[in-house]
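J.: Below is a structure I'd like to ask you about.
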Amino acid sequence: MTDHSPLENGGTFPCLPTRGQLLRALTLTQNTSAMAFTIFLVPHLASPIVAAFAGLDGAEKTMMIARDLYLPLEPILVYIPLTIHLFSSLSRRLLLSTSTHLSKSIRFPALPHQILAYPLALLLIPHIITHRLIPSSSAPPIRELSPSELGWEFVGYNLKSWGAWIAYLGLVGAGVWHAFVGGMKVASWLKSLWRRPAKGFSSNVRSTNRTVYPEDKEKASSDLTRRVIPKSRKLGLRGLIVVLLGVVSIGLARVTRDTGLVSGMMKKRYEAVFNATPWAKLYTLF
């Protein structure tokens, strides 16, 4: 018999996953969680774009439609995928960075969308805290701002600070760049999954016990080479980001103009939200 027995491959004791297996698992969770989060991201970004053409009322109506789509499944479409994506991405980067035989371009963030992921997280987490977690507090004077109370008027009131403008536009710019380039990565990954069965594998199940990490090293290098964005596409992507930021800026400006005066009670509740953040003192600097 040519098949290896289980004893020859380490006995019946359970084996720890190889680096290659861990990388594949982390890549799977990283990409699938990103796809799930996109279901929320696309309708959520629609509101500031609509605001550029229809003002505060258009943004409010678009947001209410979007909330009807994702709010009932918010933990599944937002918090769980986002947590999984952050954890799997950081774990994958840690695993690659400790693989000293790989090139530095693979071990450490080298591409713009990879580098942008870190400031993006620093902008996204405070955004969630300020716009979702703190407003749900039952403590007075916040008293659980309802979805109807936590609309674009809240954003317009926040935009009286230049710091808020920087945060919103930075979040949109970094988020869209990361999402677009990451989307191309996910598309390439899906194509590789689709083509993989065509390569032909041995029908022997035990053949999956082979050492896979050297193969993963080659795949990682080749995948990175294939994912380099051509100059023409990079220019187009940059142009798209600039146009999108311009449209969002117009939308935010119209929301700020249309917000007008806020009632004393709502102003008190809004201020309580901002003052409850750990970075409340930063608001006074702008």
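Glycine is treated like the rest: Cβ placed from N, Cα and C.
Pulled these from TrEMBL:
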- 123-248: domain 'Mitochondrial adapter protein MCP1 transmembrane' (DOMAIN)
- 34-56: transmembrane segment (TRANSMEM)
- 76-95: transmembrane segment (TRANSMEM)
- 165-187: transmembrane segment (TRANSMEM)
- 235-256: transmembrane segment (TRANSMEM)
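Each of these features: where is it, how hidden is it, and who are its neighbours?
T.: Outside the transmembrane segment (34-56), and at least 6 residues removed from its termini, the chain residues within Cβ reach (under 8 Å) are 62-63, 65-66, 69-70, 74, 76-78, 80-82, 85, 152-153, 156, 172, 175-176, 179, 182-183, 186, 244, 247-248, 250-252, 254-255, 257-259.
Same-chain neighbours of the transmembrane segment (76-95): 19, 22-23, 26-27, 29-30, 33-34, 36-37, 39-40, 70, 109, 117, 121, 124, counting only residues six or more beyond its ends whose CB sits under 8 Å from a CB of the stretch.
When Cβ-Cβ distances below 8 Å are used as the criterion, the transmembrane segment (165-187) is approached by residues 31, 34-35, 38, 41, 45, 48, 111-113, 116-117, 119-120, 123-124, 126-127, 155, 159, 227, 229, 237, 240-241, 244-245, 248-249, 252, 286 of the same chain, each at least six residues removed from its ends.
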J.: Give the nonlocal contacts of the transmembrane segment (235-256) in its own chain as ranges (CB under 8 Å, at least six residues past its ends).
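T.: For the transmembrane segment (235-256), the list is 47-52, 55-56, 59, 152, 155-156, 159-160, 165, 168-169, 172-173, 176-177, 180-181, 229.
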